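Take a look at the structure set out below.
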Amino acid sequence: MEPPEDGDLQLQDAAGGAGSVSYTQGGSSGECCVASPGGGWLGRLSRELHWSFLLAVVAVYGGCQGVGDALNGVASGYYWKDVQRVQPSAAQFYRGITGAPWVVKPLWGLLTDVVPVAGYRRRPYLVVAGVIGVASMLTLSLHHGLGIMAAVLALTAQSTGAAIADVTVDALVAQKSIRHPPLASDMQSMCGFSSSVGALIGFSISGLLVYSMGSQGALGLLAIPSALVLSAGILLKESPATDFDYTQVHKEFYRAVQSMGTTLKCPEVWRPCLYMYVSLNLSLDIQGGMFYWYTDPVSGLAFSEGFIGLIYSIGSVGSILGVLLYQSALKDYPFRSMLLWSQLLSSLAGMLDLVLVTRLNLKMGIPDYFFVVIDNTISQMVSQLKWLPLLVLSSKLCPSGIEGTFYALLMSIQNAGVLMSAWWGGLLLHMLNVTRTEFSNLWIAVLIRNISRLVPLTLLFLIPQSDHGSTLLPVEMLEESESAEAVKAGSDNTGFSVLVTEDSSCLSSNVVVQNEGTKEFDAGTTDVELIPLMNKSRPTIDT
């Protein structure tokens, strides 16, 4: 077989009219996407990816995490305050417990990657997640007089279903980010946009639903987003695995865990992970105290259920603006620069809460209801500008073969930081004696939270200077695991690969591929074809 001449380009049509360019240049080869004119990033995604994938994204991010989390945030706040009648610090603690399933996301990721059900790795887990969500929320809403532990259990079960659905879609996103690198930022923007629009809808109706149905009845409606996830699992297009040996599951688990451990040893991986955890951990969550102050009729702002929903719904517009701003103008900036400015803006935006709690807004002639809306809108926009680069960075740290598991591990690290921030925030409220009716020290909690958001700036050197389109992992981790298996698959009539490797401190345990190239020999012949791999050199990470 004659190798193509240097500089040759071959245009191949992709489904839906988009194109991809296969190229060889200077002895290296690769493929990149070429978007058809028009349609923007949403149109590009619909052409390049199957519609059932986009449906799963919308169901999980828009329905379950967007509408569901918005409704859950408002309804559960009133549920703990008015039905269970607990203190703000206790509400923060229970909120941390119900978020625990998000911390063990690697377990759900291992299941989706290693244990197919009826030959499918993704569809059954979306179905199971939907069933768990529907059953738990119907149980909570239909049984009045539930004790605190039973309520925590039901909310934790709903959170478990949402976490399983999330990790399943995250695995699909990670897979497609590796196979379609130019679409990685577009997919994360799609996820963020779906979540923001869903949150806008959820917050818009949450206050009215709590007012008309009560917090317990409103929580029961969370069964609807879970039903959408179930439907997405049924409709998802996925090729079934054939001849899967379930007796080897324990070995697959071991290999996956070993591969994760090996990957985490890479500086390209553990350094960003450490920053993610610390930055989220130190962003103390005192929302429980703020919510009680918003709704207290004596010492607080006495906002009604409907107005609480309106505040958060308008704030969701800020979240959407954050996604659009990132997608249109900021997605090509280096990760370190994005996180520097987003962290600074996060601390500055938090100062608006301090103005509100100290009542300086009234001295400036700005009514509470107007200032709260502006405050929440800016905070949501800044939050998206901080969150999206972390998601894109995480998707680029996933080695092939364990995309779902490792992406889940990265998300669990972030969720552990969020959980700890809720518990630290609850402890801070308790130490400052912020209760259901006492808020005199709430401003101190706000000030401490804002200062703590600046501390992660000292760790920005852990984040690579690379931009969002760069490949961060060593090349050997990004090659499909089938390349390694091909060594064992040689026969008289088939080709097999001789994998030439060089020493590396962070080779994936199930992938041994040299970044310089793979030599493929046709058994029984003397013809040799040299097939260079994409991204020949390992990317340089500035520190």
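Glycine too: its Cβ is placed from the backbone N, Cα and C atoms.
TrEMBL labels come from automatic prediction, so no person has curated them.
Per TrEMBL, the features are as follows:
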- 125-142: transmembrane segment (TRANSMEM)
- 190-211: transmembrane segment (TRANSMEM)
- 217-236: transmembrane segment (TRANSMEM)
- 306-326: transmembrane segment (TRANSMEM)
- 338-357: transmembrane segment (TRANSMEM)
- 405-430: transmembrane segment (TRANSMEM)
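Each of 190-211, 217-236, 306-326, 338-357, 405-430 was scored by its Cβ pairs under 8 Å to the transmembrane segment (125-142), and the highest score goes to 217-236.
Proximity of distant same-chain residues to the transmembrane segment (190-211), defined by a Cβ-Cβ separation under 8 Å and at least 6 residues beyond the stretch ends, is recorded for 41-42, 45, 54, 57-58, 61-63, 65-71, 73-75, 78, 169, 173, 217-218, 221, 304-313, 315-317, 319-320, 322-324, 326-327, 384, 387-388, 391. Counting residues 6+ beyond its ends, the transmembrane segment (217-236) has Cβ neighbours under 8 Å at 52-53, 55-56, 59-60, 63-64, 67-68, 71-72, 74-76, 79, 122-127, 129-134, 137-138, 140-142, 158, 161-162, 165, 206, 209-210 in the same chain.
Within the chain, the transmembrane segment (306-326) has long-range Cβ neighbours (under 8 A, six or more residues past its boundaries) at 70, 73-74, 189, 192-193, 195-197, 199-200, 202-208, 210-211, 291, 294-295, 369, 372-373, 376-385, 388-389.
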